[in-house]
Amino acid sequence: MKLVVDENMPYVQQLFAPMGDIVAVNGRKLDAATVADADVLLVRSVTRVNEALLRDNHQLQFVGSATIGTDHIDMAYLASRNIPFTNAPGCNATSVGEYVFIALLELAAKFGTSLKQRKVGIVGAGNTGSAVAKCLKAYGVSTVLCDPPKARNGDSREFASLETLLADCDVITLHVPLTVDGQDATFHLLDETRLRSLRPDTWLINACRGEVIDNHALISVKSERSDLALVMDVWEGEPNPIKALVDMADIATPHIAGYSLEGRARGTLMLYQQLQQMMGMPASKSLDDLLPKRWNPRLLMNAAPTEKELLSLCRFIYDLRDDDRQFRKIHQIPGEFDNMRKNHRHRREFSALALENLSGYGVDWLSELGFSGVHR
Ligand SMILES: NC(=O)C1=CN([C@@H]2O[C@H](COP(=O)(O)OP(=O)(O)OC[C@H]3O[C@@H](n4cnc5c(N)ncnc54)[C@H](O)[C@@H]3O)[C@@H](O)[C@H]2O)C=CC1
Ligand SMILES: O=C(O)C(=O)[C@H](O)COP(=O)(O)O
């Protein structure tokens, strides 16, 4: 069996080598000729899987994308050819939740305020939006959710309309799929009119897909509104973000909000599990077989951390400022957006750090935030 696999997918050898010959490729440059004799195709978000890519392949048995988003996949075409497809729902949701939480702590420190004084509007209350909500709830920050499809489908949580959320919240964080059709289409969901309606001093975060915000409109609004703060992980026109927008952003990164080691490992593992199941084989490998052990530096928590101390703890796990600094140096150099992603030094999730004394001393909320606990 021949498996054509994006070279930017960790743990492929450990999981898929027993199944056949692995050919690792640059996912952005993948073409029909390279895929022509593949039996299995494993991609990431940078590969458009459609008729143009698969027209010369008449033996493909499985397509997997180690991502949450599926906007790069022509599902109708795969269905028309009866090619089974799976993505990896939720694989990196914790990573996105923690990225947003850390970014908000960074902004609060930068502007000399407390995150607890802000009301956070979460647009899209699926896996990633809920992961953000979980972190904020653990820390005691109030949130408002907007998710019309979930509201219509009877989700028991309380939802606001987008207009109410924009009017009520001083942080807006976006967690919707990119869709262009239907009543919930998200392409340019934040258009110029909505961007102009943002409350004074709003912090706006995009960690879903660049096209959910009209980037040109954002540049125009932000150039008149220095009160707005921006955290941008995703961009229209990736891998070529607009320079003016990178320069305006308070935090700018190259689509790596989901790039925790755990998130990326889960993505590959979920594809392995699906393929094994499809072939009627047991999935013998688990996440523990892939990940390095948790850190246990014996950090003793015997008092609730201040917000500044919490930020230091978070930076110990993932210092977002490093990615921001590096991205600002490279984002206009051809190829470097993808290189920075490919060579991203793997960041861990909060759960990789075991803190002592999480039970008691008023620090239980740190385990709700995601840290592991070691009780004495
Ligand atoms: N920056 C990054 O590294 C990552 C980005 N993503 C992006 O984030 C997106 C969301 O991921 P998940 O939360 O896991 O997906 P999900 O499918 O679990 O949740 C998305 C939610 O958005 C809601 N929704 C759809 N249209 C909406 C609208 N017009 N207004 C409000 N809500 C709407 C849906 O009902 C759903 O509950 C993915 O599709 C992907 O594009 C995902 C992971 C990592
Ligand atoms: O899961 C998603 O959806 C994402 O946006 C991924 O984090 C993107 O990562 P790549 O697939 O582009 O490596």
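Cβ coordinates are placed from backbone N, Cα and C, and glycine is handled just like the others.
Caution: TrEMBL annotation is automatic and unverified by curators.
Database features (TrEMBL):
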- R209: active site (ACT_SITE)
- E238: active site (ACT_SITE)
- H255: active site, proton donor (ACT_SITE)
- S45, T67, Y259: substrate binding site (BINDING)
- D147, D233, G258: NAD(+) binding site (BINDING)
- 9-278: domain 'D-isomer specific 2-hydroxyacid dehydrogenase catalytic' (DOMAIN)
- 110-257: domain 'D-isomer specific 2-hydroxyacid dehydrogenase NAD-binding' (DOMAIN)
- 290-370: domain 'Erythronate-4-phosphate dehydrogenase dimerisation' (DOMAIN)
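Among the recorded positions D147, D233, H255, Y259, the ones whose Cα sits within 10 Å of the Cα of R209 (active site) are D233, H255, in sequence order.
Taking the centre of the Cβ atoms of S45, T67, Y259 as the substrate site, the nearby residues of that chain (Cβ within 8 Å, site residues left out) are R44, A66, I68, G69, N92, H255, G258, R264, G267.
Neighbour density around each Cβ, counted as other Cβ atoms within 10 Å, peaks among the recorded positions D147, D233, E238 at D233. Over the domain 'D-isomer specific 2-hydroxyacid dehydrogenase catalytic' (9-278) the predicted model carries a mean pLDDT of 98. Screening the recorded positions S45, T67, D147, D233, E238, G258 for a C-beta under 6 A from any atom of ligand 2 leaves S45, T67, G258. Across the domain 'Erythronate-4-phosphate dehydrogenase dimerisation' (290-370), DSSP helix (H, G, I), strand (E, B) and coil residues number 38 helix, 11 strand, 32 coil.
Selection of the recorded positions S45, T67, E238 by a Cβ distance under 6 Å from ligand 1 yields an empty set.
Of the recorded residues, E238 (active site) and S45 (substrate binding site) place their C-alpha atoms 11 Å from one another. Counting every protein chain shown, the Cβ of H255 (active site, proton donor) has 23 other Cβ atoms within 10 Å.
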